[in-house]
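S.K.: First the structure, then my questions, so here it is.
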Amino acid sequence: MADRVMPRHRALAALSAGIGLTLLLTSCGSGLSGHGDDKTIVGLVTKTNDNPFYVKMREGAQKKARQLGVDLRTFAGKGQADNDSQVKAIENLVAAGAKGILITPADSGAIIPAIDRARKAGVMVVALDSPTEPASAVDATFATDNRLAGRMIGKWAKARMAGKRPRVALLDLSSEQVKVDVLRDQGFLEGFGVDVRNPNRIGDERDSRIVGHEVTGANEEGGRDAMEKLLQKDGSINLVYTINEPTAAGAYQAVKAAGKQKDITIVSVDGGCPGVKNVAGGVIGATSMQFPVKMAADGLAAVAAHTKDGGKGSGSSGQGFTNTGVSLITDTPVSGLDSQKSDWGLRHCWG
Amino acid sequence: MVHDTLPPTAADPPTTRPQARGALARGQAALHTKPLLGPLIVLLLASLFFSVWVGSRFSDPLNISLIVQQVQIIGMVGIAQTLIVLTAGIDLSVGAITVLASVVMGKLAVDHGLPVPLALLLGVVIGGVCGGLNGVLVTRFRIPPFIATLGTLSVFSALTLFYSRSETIRAQDVPPLLSWPGRSINVLGTDVTYSSLMMIGCFAAVAYLLRGTAWGAHLHAVGDNREGARLSGIRTGRVLLSVYVVAGLICGLAAWFLIGRIGSVSPQAGENLNLQSITAVVIGGTSLFGGRGHVLGTLLGSLIVGVFSSGLALSGVDALWQVFTVGVLVIVAVAADQWIRKVAA
């Protein structure tokens, strides 16, 4: 029996050592934050850790935080729709005494109660990248106008397809009608001149030019699978809308395998450096560039200004939507539509 | 684990059963002795159904070739998963190993300028090392496979993101040899990719290893009754460790196929591979309780998912129905497994 008791002692010892260590670490942690008590704590909560868009946004925020002398704490969810992790991140930041929180909401509606609690606790909350629903739930929003981003590539595509009979494939993010997915998809169709019926719903259009919608998970693999399925459904596709540039790169692999790269035009949204290089290389016809680093930097500056004002909102706060801009990047400009060439895009792309 | 509650003879053929009482019982017995029969019937019925519903666009050789291409990564990772499931384990990290190996191949070849064959080899080796780590956690530290691989799933994913800085290597920058599995040759008038052929080769090779070698027999014995296997002189720890290493190496090879398929090297690829591989294994008729099943069932399982996905997409059905259907298939497959087991009860 003795040999059975021993492990229990060991387990107890390990447990108490663990608890001791945790206490030590937490006290160190609070000691550290106490040490830097003159620094304002600001949180950045992104949707994921792995998407380059959010990685660049985080890097931009860290750079700006160093300039402003702000203690930036970053958190991320585990997926495009992981509300739970974001709620926890907000709660932890409020508990840590943060003065401001920048968040890219994964679920623009479900996050509201957590944001309300934070604001009641005196924290300034700023939405980045996508607005909350309602937008007035936060103090300010710095985001791409995603509907506009979609409209720009839609208008460009319309001009490019003039004189041809368009056969359109749409490669979306998911079946869940995620806000940013809806805005870009419907914006594209509006720009292209399709009656979108319900502008807040993907896939309810009745337009013979549309071959079909497929979901991709917004990555290369999904883009390739979806494009193959749609090409198999209708080989006469000549225009492809993609939710983002990785999807476009995957779709291009399917197009190339089918030997149709001369006949098919691909448009996209994002403005990541690999995507802009694909514009330069003729893989993507046009893309709408967003500016995540600017979103983060402007959002952080707004929070810093707000805290200096002593709680009074500065000009940039106060429930406003600040459009951080969209630029159309293409090497084949069309008349009547402002655009930038890919060399400009390469100087301004984000990762 | 679960198989401890079953009598040691649970998976033996029903030689002592009384004569079958009617067609249903005969079918049940046939499905028990031939684990490939069930998934094969489902695959044929589904193909027939979609050929009628969708028409010639579904059954043309190009679409068949596309279905095989679309399931090749799931199929490869599914081989690794089958090996682990046959030992009454489960591996939640197979997808993460595959993506890590692909990023290692891409970074070494493109960013560090290593000769491509060496980069490829090192990527496959990394897969084996990751599998070996899982094996050590399971055999030496006696951590249940579910927990061990749940942990390494996060570890490998984080390493992938650290190493790649979340950045994708574009298709245009990837050397031809790395994307070679994605190229195709003409077989009987249809373009077939090298990776599709290699995947089928891998299935055949592993099927032989499982059925025709002592290693395969030991693996089945360990999965069916680990204690019994130990008592009969099998070094169960060593067998288990080797299974995890082989599974890791197969994931490393799947990484090469993944690059061939998507052209670029993306740290965000394959995020659903873990669950998809388990789905393919289960639909393929391999029992999650270990010991019973066939690796070729996994090939059929992934093809079944591919056929449903392609058929529903071609008929213009909402993508959510694809998700729904796969869920129903999984439940039906496990229910069928339980029903077939009754034959030996």
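Here the Cβ of each residue, glycine as well, is placed from N, Cα and C on the backbone.
As listed in TrEMBL for this protein:
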TRANSMEM  B:36-54  transmembrane segment
TRANSMEM  B:74-104  transmembrane segment
TRANSMEM  B:116-137  transmembrane segment
TRANSMEM  B:143-164  transmembrane segment
TRANSMEM  B:185-210  transmembrane segment
TRANSMEM  B:239-259  transmembrane segment
TRANSMEM  B:295-314  transmembrane segment
TRANSMEM  B:320-340  transmembrane segment
S.K.: For the transmembrane segment (B:74-104), name the stretch out of B:36-54, B:116-137, B:185-210, B:239-259, B:295-314 with the most CB-CB pairs under 8 Å.
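M.R.: Of the candidates B:36-54, B:116-137, B:185-210, B:239-259, B:295-314, B:239-259 scores highest.
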S.K.: Does the transmembrane segment (B:295-314) make contact with the transmembrane segment (B:239-259) through 3 or more Cβ pairs under 8 Å, each pair 6 or more apart in sequence?
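M.R.: Answer no: the transmembrane segment (B:295-314) and the transmembrane segment (B:239-259) share fewer than 3 Cβ pairs below 8 Å.
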S.K.: Under a criterion of three or more Cβ pairs within a distance under 8 Å and sequence separation of at least 6, are the transmembrane segment (B:320-340) and the transmembrane segment (B:185-210) in contact?
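M.R.: Checked: the transmembrane segment (B:320-340) vs the transmembrane segment (B:185-210), no contact.
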S.K.: For the transmembrane segment (B:116-137), could you work out the same-chain residues 6 or more beyond its ends whose Cβ comes under 8 Å from its Cβ atoms?
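M.R.: Residues packing against the transmembrane segment (B:116-137) from afar: 80, 91, 93, 97-98, 100-102, 104-106, 108-109, 143, 145, 148-149, 151-152, 156, 175, 177-178, 240-253, 255-256.
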S.K.: Do any residues of this chain, six or more beyond the ends of the transmembrane segment (B:239-259), have a C-beta under 8 angstroms from a C-beta of it, and if so which?
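M.R.: For the transmembrane segment (B:239-259), the nonlocal Cβ contacts are 72-73, 76-77, 79-81, 83-84, 87, 89, 91, 94, 97-102, 104-106, 120, 123-132, 134-136, 138-139, 174, 178-179, 181-182, 195, 198-199, 202, 206, 215, 218-219, 222, 229, 265, 269-270.
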